[in-house]
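Each remark here refers to the structure printed beneath this line.
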Amino acid sequence: MPHSWDYDAVVIGSGPGGEGAAMGLVKQGARVAVIERYHNVGGGCTHWGTIPSKALRHAVSRIIEFNHNPLYSDHSRLLRSSFADILNHADNVINQQTRMRQGFYERNHCEILQGNAHFIDEHTLALECHDGTVETLTAEKFVIACGSRPYHPNDVDFSHPRIYDSDSILSLHHEPRHVIIYGAGVIGCEYASIFRGMDVKVDLINTRDRLLAFLDQEMSDSLSYHFWNSGVVIRHNEEYEKIEGCDDGVIMHLKSGKKLKADCLLYANGRTGNTDSLALENIGLETDSRGQLKVNSMYQTALPHVYAVGDVIGYPSLASAAYDQGRIAAQALVKGEATAHLIEDIPTGIYTIPEISSVGKTEQQLTAMKVPYEVGRAQFKHLARAQIVGMNVGTLKILFHRETKEILGIHCFGERAAEIIHIGQAIMEQKGGGNTIEYFVNTTFNYPTMAEAYRVAALNGLNRLF
């Protein structure tokens, strides 16, 4: 006789991974509950990560545009805005996103349970509700999509009012004139752009020898130059020895002997999976040192009926990929296998000012692989559309095989890079000879557009062949 479960599946977390899994499951007729520890759905992506930081970036970039465009300003008076002012814009976007995503669950009759969950056994969860009561619920299968949080080393006092992580920085209530950002990964670089755009002095501490080393070096160098040109001080190959919180700021002692003082510190060096409260030891699952779970190609953990998606499984730790992982896991959970899979070349969008976006191989990778490739480039300053809107800083680079003309990688630096990249990605994904740089020469683009950069870059690259 089949077992009677409360639900066919329970999804822990309502971020992109949890939402993708939940929507995929209910569309296939499963009885699903989603557990969310906070009062609103959306997870860290909506409330502390992707959405608010990109909303902040947009507001700051518009201020920069106003102050530098003679159409709006004669430079005699600069537009300034407080951090609290631009946070209001982020709050409005968060509220819109929350209402929209809440509607997804309601329309699809997917139950939302609020509280903190942990495993009692392999098919039972305890749910600690916000009113203090504890409920138990059973399910045949589970999807862990509880996301991640900023990594907190034990020797940094995050309770100090001038020491922030990438979550708490959204509660900044004073106006810093100088900020230290420790960690020059994606989050650190994005916030360096935001603060410098607000005319705040920025010391960016990088524990490696160059910014965002996973990028094509030309893109990384472009960002480094742009930071230097805007006044960001980058300190490479540095690690902190000690961090002191003071009444009026923070002092950072570096292992190299240097000392830095600023009004506040943003610690942005790594993230940890939110698995420590799930009591995974009760079901025999283990995580790595960063709280992340190992999964197979169908996102199953060591327990076949327990799946995991999103930041909690590590790379690529992208909201876009997490949603697809959830959708694929839902298909595998219901049907026993998944016909869908993540694409091999996942685009990366980095929302610095200007943006950076990449898909496919870098020049360094192709050189190491001994692939005979050529490069086609288009400078934004030569495009009519860029001249019209004042977006002269930027470049599009296409890497393609010299013999087959197959596109191997696309890299873009400049405003709207994260949008522009998808044109090339669509061609890269074509099968049966459809992936060719000659497409951009043989098609007709609207004029004037930023998309025209592809035709310019394609012609530039093809003209290099002999």
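Each Cβ is built from the backbone N, Cα and C atoms, and glycine gets one as well.
The feature FAD binding site is assigned by Swiss-Prot to Glu36, Arg37, Tyr38, His39, Asn40, Val41, Gly42, Gly43, Gly44, Cys45.
Overlay of Swiss-Prot annotations on the structure.
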residue : record           : contacts (Cβ under 8 Å, 6+ apart)
Glu36   : FAD binding site : Gly13, Ser14, Gly18, Gly43, Ile112, Leu113, Gln114
Tyr38   : FAD binding site : His47, Gln114
Asn40   : FAD binding site : Thr46, His47, Thr98, Gln102
Gly42   : FAD binding site : Ser14, Gly15, Ile51, Ile94, Gln97, Thr98, Arg101
Gly44   : FAD binding site : Gly15, Gly147, Ser148, Arg149, Asp167, Asp311
